[in-house]
Amino acid sequence: MSELVASSYGKANVKFLKVKKNPSNPDEQEVLEANVQCLLKGDFDIAYTKADNAPIVPTDTVKNTILVEAKNTDVWPIERFAAHLAKHFTGKYSQVHSVEITIVQSRWSKFPLSNGKVHPHSFRYDGPETKRTFLTYDKFSKKLTLTSAIKDLTVLKSTGSMFYGYNVCDYTTLAPTTDRILSTDVYALWTFDPKAVPTLDSVLQKADEGLFDSTYDKARNTTLEMFALEKSASVQATMYNMSHSILEQVPEVATVSYELPNKHYILFNLEWKGIKGNKELFYPSPDPNGLIRSTVGRKGAAKL
Ligand SMILES: O=c1[nH]c(=O)c2[nH]c(=O)[nH]c2[nH]1
């Protein structure tokens, strides 16, 4: 005999771009391009085990809801929209017990013209970097989790990075260095303390107060600033220091995680051409890459 152990369903890759006009100056606009995934959990077992579709809110309806709610409500910041959708789905349908919402926001930024002024409604695509939020909510336990993130912020420093003093054994070929290239695609995640955002309504309120925008700015600025300024002993030490700094700046954040590929740049050996001691020309090695992860929390809080 078999039994359904777990299930969730919904719509993925629901994409929109929303325009916001400044009411006192319609020429002045903002845009938000998003990719939303919304999964529902609850009393749906008979759909799987008895081929009974009665409880299913079609994924097409989930898609329509995301779009209509995106039109009718404020989607800035994405944490607010995630909380709004969670309220909607768990409130409207008795069979929906919990939701998992992921929103990925593209970066469109205004740019200055030759007159030095930022244009009010022209935007430049900033590349693959995204801002993300992940919200889960269970209406019976009232458990809410909220994590936001930066993904694919690609950085490189051409010096100011070291790696030495590591374990050496009969498998070691790596030479220690006090001067190397350091490059990574930053994936940084920060989880809000449930005591700071205990309910969906508190997410809406904190959005009004600017908590999510200011935390994003601090996380991004800290990542870039420490990457640039710190003489890195290792990816491990640098990511820990970044996490510590974000925790220090934002009391509402409980944990900070980083996932950083170490994208290796390897000096070409040009000795075949009589060129000794090449220190300028590197091979951007596509693979393999180091992959380093950490989660940093506050002392005394439970370990994950
Ligand atoms: O910062 C680093 N951490 C490592 O764990 C590691 N391992 C390695 O080969 N190079 C590096 N660099």
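Backbone N, Cα and C define each Cβ position, glycine as well.
Among ASN35, ASN221, ASN262, the residue that TrEMBL places alongside THR59, ASP60, PHE163, ARG180, VAL235, GLN236 at the urate binding site is ASN262. Take THR59, ASP60, PHE163, ARG180, VAL235, GLN236, ASN262, the residues named in the record as contacts for urate: the widest Cα to Cα gap among them comes to 52 Å.
Comparing C-alpha positions, LYS11 (active site, charge relay system) sits nearest to ASN262 among the recorded positions ARG180, ASN262, HIS264. Close to ligand 1, meaning a Cβ under 6 Å from one of its atoms, are these of the recorded positions THR59, ASP60, PHE163, VAL235, ASN262, HIS264: PHE163, VAL235, ASN262. If you take the C-beta of VAL235 (urate binding site) and look for same-chain residues 6 or more apart in sequence within under 8 angstroms, you find LEU182, THR184, LEU260, ASN262, GLY290, ILE292. The record assigns ASP60, PHE163, ARG180, VAL235, GLN236, ASN262 to the 5-hydroxyisourate site; their largest pairwise CA distance measures 52 Å. Here HIS264 (active site, charge relay system) is positioned 15 angstrom away from GLN236 (urate binding site), judged by their C-alpha atoms. Cα of ARG180 (urate binding site) to Cα of THR59 (active site, charge relay system): a span of 50 Å.
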